[in-house]
C-alpha cells in the first residue's frame with residue numbers, strides 16, 4: 001500500500017494531558033490560526049466508540065491524529081553514552097551525563113515535511129498517547145524501562161522456561177529407560193524429534209496469524225494451557241504410536257510461541273533494547289534446562305511410586321506446572337502499554353498516563369512502522385504473501401536453518417552418550433548442568449558484544465569458530481579409548497558455546513521494518529530454525545554409532561558452509577545499502593519529499609531504510 005498522504009488535519013492535533021486516564025482521555029486540541037493557537041479541552045463523548053478491533057477510542061481519535069505533528073516540543077536529547085542496561089553503573093563520560101537531561105531522541109516526527117508521512121493510523125491502540133512534542137528525562141526513561149523489565153520481560157522469560165521444560169524433558173526421560181520400556185530404538189527417537197520439529201515448524205505461520213487476530217495476550221496463554229495438557233498426558237504413554245503422536249501434538253501447539261513473544265515485546269521496547277533482552281529471553285531457556293536436569297534428578301527417583309516409571313512422573317508434574325503458568329498468563333499479560341488496566345491488574349493499570357506517554361513515544365520514535373497496525377489487526381493473505389516474498393530476509397532464513405546444527409546434533413545425544421559411557425541416570429542429568437551454565441554466560445557476552453560493537457554478522461559468526469577444534473577432536477579421536485571424564489569435559493566446553501540466536505532474532509526484527517513483515521518474518525525465521533533441528537536430529541545414525549565419524553564429518557563441513565553464509569549475508573546487506581545510498585544521495589530535498597508522499601515502497605523496501613549487517 002502507498003504511504004499515507006498528509007492528513008487534512010495535519011495542522012490540528014490532540015495531545016494528552018498528563019493527568020488523564022487511558023480509558024477516558026481528556027486532551028488539548030490545538031488549531032493554528034494565523035500563526036497563533038487556540039486551546040480547547042474536550043472529553044470522551046457519552047456514546048464513546050470502539051475501533052473495529054475492539055479498542056476503546058474516542059470519536060476524535062478516530063478522525064484526527066492525536067498530536068500536533070509540526071509542534072515544537074523543545075530541545076531533543078543526546079544519545080546515551082555506552083549505557084545498555086538500567087542496572088549498569090557508569091564510568092568516565094557516563095558518570096557526567098545528567099540524569100535529568102532530555103532523553104527524547106530525534107526522529108522523523110521532528111521534521112514538519114516528513115511527520116505527516118509517518119503518523120500512526122487513527123485506530124492504533126496507543127493513538128491517545130501519541131505526542132511528538134513529548135519530552136522526558138533519562139531518569140524517567142530508565143525508571144520506566146526498569147518497570148517494563150519487571151512487569152513484562154520477567155514473565156515472558158518464565159513462560160519460555162515452561163516451553164523449554166516441556167519440549168526438552170524428553171532428554172531426561174530417555175535416561176530412565178523410556179525407549180526400551182516403549183519398545184523404541186535410537187532411530188525411533190530421531191523420528192520423534194524430527195516429527196516434533198516438523199509440526200513445530202508448520203505451526204509457526206498459522207500461529208502468527210491467530211495471534212495477530214486474537215492478540216498476543218490471549219493467544220500465548222491459550223497455547224500454554226493446550227500444550228500443557230498434551231505434555232502432562234505423556235504420563236500415559238504405552239506404545240510407539242502414542243510417543244510419536246504426542247511429539248506431533250506438542251510441536252503443533254508450541255509452534256509460533258517464540259515469534260509471538262518477540263512481536264509482543266516489540267510493543268514495549270526499542271529495537272536496540274530488544275536484542276539484548278532476547279539474550280536474557282534465551283538465557284531463560286538455558287535455566288529451564290538446568291531446572292529440568294535438577295527436577296529430573298528428584299522426579300526420576302519416584303520410579304516405583306504407584307508402580308510407575310520415573311519418566312511418567314516427570315512428564316505429569318512438569319506438565320501441570322506449565323498449566324499453572326498458562327492460567328496465570330491470562331492475568332499477567334496486558335495487550336499493550338496503554339491496555340494494562342483490568343480487574344486483576346487494577347483499575348488504573350500498571351502504568352501512569354505519563355509513563356504511557358513515554359513508553360509509546362519512545363518506541364514509535366525509534367520505529368514509526370509500529371503505528372501502522374493495531375495489535376489485534378489480522379494479517380490478510382495478501383500481506384502474508386507479500387511478507388513471505390520479502391527476499392531481503394531470505395539470507396537470515398538460511399542462517400536460521402544452518403547455524404546451530406553443529407551444536408544441536410551433539411546436544412540432542414548428550415544424555416544418551418553420557419549414559420552409554422557408564423554414567424548413572426542421576427549422574428547424567430546432573431552432568432549436563434555445567435555446559436548449560438557456560439552456555440548462559442557465553443550467550444550473554446556474545447549478545448552484549450554485538451550491541452557495543454553495533455555488529456551482527458561477524459559477531460554471530462564467532463560460535464562457528466568455537467566449534468572447529470571440538471568437532472575435529474570428535475572426528476579423529478577414538479573416544480572409546482579415552483577416559484569418560486575427559487569426554488565429558490570436552491563436550492561440556494563444546495556445548496557451552498555462545499549462542500547467536502538472540503542476535504539473529506533481533507536482526508530479523510530490525511531488518512523487517514514493518515509490523516506485518518516483522519510478524520511473518522519472525523515466524524519464518526523460527527520455521528527455518530526448526531528445519532535445522534530436523535536436519536540435526538538425523539545426522540547421527542545408528543549405523544554410525546558410537547563414534548559417529550560420518551556424522552562429525554558432516555558437522556565439520558557445515559561449520560565451513562556457515563562461515564561462508566555469514567560473510568555472504570554481510571556482503572549482500574552492505575551492497576543493498578550502498579545501492580540505496582547512491583540513489584538517495586543524488587535526490588534533492590523536494591524529490592525526497594515527493595518520494596515519501598507518493599512512492600509505493602514500504603517496510604524495508606524504502607529507499608531511506610538501511611539494513612543492519
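In case you wondered, yes, glycine gets a Cβ from its N, Cα and C as well.
Looking up the ranges 192-213, 214-235, 280-301 in TrEMBL, the one annotated as transmembrane segment turns out to be 280-301.
The feature transmembrane segment, as given by TrEMBL for the ranges 354-375, 552-573, sits at 552-573. When TrEMBL is compared with the stretches 520-540, 583-603, the one noted as transmembrane segment is 520-540. When Cβ distances are compared across the two stretches, the transmembrane segment (552-573) makes contact with the transmembrane segment (458-476), since 3 or more pairs at least 6 residues apart fall below 8 angstroms.
Within its own chain, the transmembrane segment (249-268) is flanked in space by residues 148, 152-153, 156, 159-160, 163, 166-167, 195-208, 210-211, 216-217, 219-220, 223-224, 226-227, 230-231, 274, 277-278, 281, 333, 336-337, 359, 363, 370, 375, 505, 509, 518-519, 522-523, 525-526, 530, which lie at least six positions past its ends and keep a Cβ under 8 Å from the stretch. Simply put, out of 383-406, 426-446, 520-540, 383-406 has the most Cβ pairs sitting under 8 Å from the transmembrane segment (458-476). Beyond the transmembrane segment (426-446), the same-chain residues lying 6 or more positions past its ends with a Cβ under 8 Å from any Cβ of the stretch are 171-172, 175, 279-280, 282-283, 286-287, 289-290, 293-294, 296-297, 300-301, 414-415, 418-419, 459-460, 462-463, 488, 491-500, 502-503. The transmembrane segment (520-540) is not in contact with the transmembrane segment (280-301), judged by fewer than 3 CB-CB distances under 8 Å for residue pairs 6 or more apart in sequence.
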